[in-house]
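Here is the structure we will look at.
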């Protein structure tokens, strides 16, 4: 298996893959169907807001799944669809030699890989293990060392795009690991995302994701502040959003994920901030950015302020709401 992974990677030599860059004859379906006739089960661990639609997209592309989640109810619809449900990450590793993990925190990832019933207890030599969680880059590097000792391959591949992109298969994957294994990872990740980017050695995918989420948090707070100020000045929120999105203040938080209820359909702000990317997770990611900034002596004054705001939100009852609920928080914090 290891040899075949290396051959597939070496034959490709690709550093970046995008659905938009593929010629018409090589559509996403074609890319993901190269080995359709001989597909083996793919393990998937972690079926939360992001993992659930990601796993479903693998199913749509013909991959049989071996799945596990710490909450058995999360597996029910997959079991009803005929997929294998097992009782531990170790059992996933026993039945699949390609595994994707999508977990909330560094500790969750450590437990899934190195715990008493973790992947490494039964991992097969030559297995490809892809972690799409957003965790500390140093944890990714440590897990890679442990996986390598078992004769397997580890890559970090955190994602960007949110739940909507996870559902539509338009995620961006930031991949860190051995470059000659990239094509093997790309085969799977391309079924869940429209952009698969090779970033460098293990941990660089996490580094890119941490930087992205810090910027996202800052821009979301800025969008919420601007929208709140405009509304209090008497502007219609839809009109203000339209103006921002045709002006220099435009950003993803304003034009794709607007935090003001009633401005956009299909986003968490239109559903009482349910679903999406939780405030607790954003606070966690900002904490990772803070730790990384400290270790590299990098000034991040706005990142640090964003971290503080999201920590306060968690303490004031917003922990389970989408991170765009910072708009609601600012509206309620008259003396913030």
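Any Cβ shown, glycine's included, is placed from N, Cα and C.
Residues annotated as NAD(+) binding site in TrEMBL: 40-68, 103-104, 108, 134, 284.
Per-residue confidence over the domain '6-phosphogluconate dehydrogenase NADP-binding' (42-200) averages 96 (mean pLDDT, predicted model). Sequence annotations record features per position, and here TrEMBL assigns domain '6-phosphogluconate dehydrogenase NADP-binding' to 42-200.
Residues or ranges marked as domain '3-hydroxyisobutyrate dehydrogenase-like NAD-binding' in TrEMBL: 203-329.
Positions annotated as active site by TrEMBL: 209. Around the Cβ of residue 209 (active site), the same chain contributes 134, 158, 159, 160, 174, 285, each under 8 angstroms and 6 or more positions distant in sequence.
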Key: Which of 50, 65, the listed binding-site residues, has fewest other Cβ atoms within 10 Å   = 65
